[in-house]
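Q: The transmembrane segment annotation in TrEMBL covers 41-60, 66-86, 112-136, 142-163, 183-208, 228-248, 355-374, 380-398, 410-439.
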């Protein structure tokens, strides 16, 4: 009997032994689910509203290899999820992508890679030397909030255009004269239905918590219903609907799918490519990466995950290292973005597992379908992408709601207005810094000696 008891307890002991070993591995805690599996899966697709349009445009216009980009960004997602322990997004460098697609002549793949490497080298230098942490500590919060507000509203404006008008990501002109039809598999009614569904399921993005002091049965039932709704992976359902509609809109894409990844090779970057990539791509991208990919991301992560400190040095080094590796093989230059973090948090992402799931999905698509997956993305309903982008943009803009004083709000709104009007986060940032310093200058002693003392003397000596 004793032997039987020993045999029966051995598997349990082994299970506990393996569980203790797995928990002792590095980064295991970062990938542990903080909410339900479905919520983390829903959050994993929260930033695809920006990822898919940019990747699609670069693939069609600049002949970027989609398979290579999917594979490398998959590893970026998995590694950053394990390192940071939050849904740290991996998004395209938007300024480089905008120059590559909209300006003539278009940037070639080696020139895009050169721009990404130059930007990555700059961020790596700022991170290793500690300068990025210095900037993070001393940049005023209202200025950062202004950059976040402008980026969030810019995403929201683009999302409304996606929903209202037909889009051609390979064209430099917006299709403002071609409104989207109401009916159809990419019609406005489909997009508005998805918006209503996401609002009904996720609400305004608030976290529903138990209230032990709540005695009323009706309030308890409401909270129980809201918790049930919040467990539904709404964004994942909307995204899967879009994938299904790809094949319904054009069934012939099944015959164009070729299995297997593209051959990965090292790019040959000439001196002319370095010069063009740096001047046209890296120079406008570096300020945006410093502000939105590092400073704004760290501030937002501190708001959303106060228990999980993310340093500016680690984020800056992360962006630098992943592009110094992937860009040499033709992968799209990537960074971390506050908009992506807001989107993934908005739809349920709370741990590094959320982006790790996204990375696994990208890895499977890149290895199985390769570059032929661009045929599927080309049929993805743009209105649905606009819906996902809209919620991500609003969530990012709402981070600015903690400006309590009129002075802070003044700086934030001016910074946001200049950023939106000038289409430059760097310009808005500079104006915000100058405005903040001018307001602080009014409080210095020499102002009191110049103006206050003379006023006092006048009042005492009529």
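Keep in mind that glycine also has a Cβ here, set from the backbone N, Cα and C atoms.
Distances, neighbours, how buried they are, the whole picture for these features please.
A: Listed as Cβ neighbours of the transmembrane segment (66-86) (distance under 8 Å, sequence separation of 6 or more from its ends, same chain) are residues 27, 29-31, 55, 59, 261-262, 264, 301, 304-305, 308, 310, 314-315, 318, 322, 325-326, 329-332, 334, 336, 341, 350-356, 358-363, 365-367, 369-371, 373-374, 377.
If one looks beyond the transmembrane segment (142-163) by at least 6 residues along the same chain, the residues whose Cβ comes under 8 Å of a Cβ in the stretch are 49-50, 53, 174, 176, 180, 188, 191-192, 195, 291-292, 295-296, 299-300, 338-339, 342, 382-383, 385-387, 389-390, 392-400, 402-403, 407-409, 411-417, 419-420, 425, 428-429, 432-433, 436.
Same-chain residues lying 6+ beyond the ends of the transmembrane segment (355-374) with a Cβ under 8 Å from its Cβ atoms: 31, 40-41, 44-45, 56, 59-60, 65-71, 73-78, 80-82, 87-90, 256-262, 344, 349.
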Q: Can you tell me which parts of the same chain pack against the transmembrane segment (112-136), counting only residues 6+ beyond its ends and a CB-CB cutoff under 8 A?
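A: Answer is 58, 62, 64, 93, 96, 99-100, 267, 269, 273-274, 276-278, 280-282, 285-286, 289-290, 293-295, 298, 311-317, 319-324, 327-328, 330, 332-335.
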Q: Can you tell me which of 41-60, 183-208, 228-248, 410-439 gets the most C-beta pairs within less than 8 Å of the transmembrane segment (380-398)?
A: 183-208
Q: Which residues of the chain, 6 or more past the ends of the transmembrane segment (183-208), have a CB below 8 A from one of its CBs?
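A: Distant contacts of the transmembrane segment (183-208): 163-164, 223, 226-227, 229-230, 232, 234-235, 237-238, 241, 245, 248-249, 345-347, 381-384, 386-387, 390-391, 395, 398.
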